[in-house]
Amino acid sequence: MNDTNLTDSLCDEASELAHSETMKIVLIIQAIGCFSCFITMPIIFKKRGIRWLVHHNTRLLFAFHIGFTCLANAVYLFIHIYDLVRYWSSSDDPCSYLMTFVFVFHVRIIAIFGIFGQIYTIFSIAIERLYSTYYPVEYERTSSYKLGIGLLSGSILLAFCFSYGLLAPGSEWDHEVVAFTVRDNNNEDRYQTMMYAEVIPEVIVFFLFHFVLYVNHLKSPISTLLSLSNRYQIEENKKVIITLLPIFYIHFVFFFITSFGLSLFYVIFPSGSKVVHTMFLEIVCIIPIYGTVMPIVLEIALRIRTKQIEVIRKTEEGEMYFSTLNDTWNNSPPAEQRTITSRSKVNFLSVNKKS
């Protein structure tokens, strides 16, 4: 196929997409999903903040995780709005719907950088919790500032290297494309490498979170024999991971559906056209919805955690109360025991009424 025929084919595909009502509906839904992130994020984090993460470095990493999520969603929102404006603009020239690859690449790569930032900040939190599990004393002594800054710097560097640094070199910028993509014939192999750089840390985090949680649960029965800093780290590790696990599960599911959408397409539509292929990829690209769902899931997890803490606190207060009562009973003569019994009944009933 010569260059003229190739250009005509691309123009026809772009025109077909522009006149597809299904594609426009998909883009509108995706745009709403991206925009919803900027509603749920402020509402939930204005109420909750990130103070529930006790350590500074954990708050730092999670704050940048939120920032990367907002960055990716903002770029995806721009892409969907740009596509809608482009498709709604009527034109007799089908080639007017094409875009230059240099523009498409440098817009889309920012969203991919944000996705990598999400992945590697979660990965860094898992590493940080692993370190605090095995080296709790050293973790507290260093005040974890250097650890947090080092992990964050590594996350940003890896996000840049595996996005722009991996795909930009050798790409041809002067051709035109139908949709927002970072793939061309010159970076196909490197694109597959990029996919591995996304999938591998996501899988490692899955096992790391559960491994760290398991190790800390094993340490709990013997925590009374450990130092105060060790006991504190055990409880803190469990609280952080149990709270973040639902968020990670959501990210894990959304990420894998988005990442393997291309493979799913050829299974579902073995002989599908490029236009159907483009629409299908837009449909399975649900990772931006993570930014909308994540704050809601976090709010639910924090509510459950708060209720559990209240139950534990009340249980501990009850145990202390009855322990004190038992000591007083054993050290009192029989005449005073009847008075203690009647007082304890009144106090117990009053506490239950308040509860």
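Glycine is treated like the rest: Cβ placed from N, Cα and C.
Using a Cβ-Cβ cut-off under 8 Å and counting only residues 6 or more beyond its ends in the same chain, the transmembrane segment (25-45) has close neighbours at 66, 69-70, 73-74, 76-77, 80-81, 83-84, 87, 279, 282-283, 285-286, 288-289, 291-293, 295-296, 298-299. Here TrEMBL flags 25-45 (among others) as transmembrane segment.
Under the heading transmembrane segment, TrEMBL lists 57-79 (among others).
Sequence annotations record features per position, and here TrEMBL assigns transmembrane segment to 99-126 (among others). Beyond the transmembrane segment (99-126), the same-chain residues lying 6 or more positions past its ends with a Cβ under 8 Å from any Cβ of the stretch are 58, 61-62, 64-65, 67-69, 71-73, 75-76, 78-79, 86, 151-152, 154-156, 158-160, 162-164, 167-168, 171-182, 184, 194, 197-198, 201-202, 204-205, 208-209, 212, 240, 244, 248, 251, 255, 287, 290.
Residues or ranges marked as transmembrane segment in TrEMBL: 147-167 (among others).
Taken from TrEMBL, the feature transmembrane segment covers 199-219 (among others). Within its own chain, the transmembrane segment (199-219) is flanked in space by residues 119-120, 122-123, 126-127, 129-130, 133, 226, 230, 234, 237-238, 241-242, 244-245, 248, 251-252, 255-256, 259, which lie at least six positions past its ends and keep a Cβ under 8 Å from the stretch.
The transmembrane segment annotation in TrEMBL covers 240-269 (among others). Among residues of the same chain six or more beyond the transmembrane segment (240-269), those with a C-beta under 8 A of the stretch's C-beta atoms are 52-53, 58, 62, 115, 118-119, 122, 125, 129, 195, 198-199, 202, 205-206, 209, 212-213, 216, 276-277, 280-281, 283-287, 289-290, 293-294, 297-298, 300-302, 305.
The transmembrane segment annotation in TrEMBL covers 275-298 (among others). Distant neighbours of the transmembrane segment (275-298): 13, 16-17, 20, 22-23, 26-27, 30, 33-34, 36-37, 39-41, 43-45, 48, 69-70, 72-73, 76-77, 115, 118, 178-179, 243, 246-247, 250-251, 254-255, 257-258, 261-262, 264-265, 268-269; these residues of the same chain sit at least 6 beyond its ends, with a Cβ under 8 Å from one of its Cβ atoms.
Below 8 angstroms of C-beta separation, residues 55-58, 60-61, 64, 68, 105, 109, 112-114, 116-117, 119-121, 123-124, 127-128, 131, 139, 182, 187, 190-191, 193-194, 197-198 of the same chain, each at least six residues beyond the ends of the transmembrane segment (147-167), sit close to that stretch.
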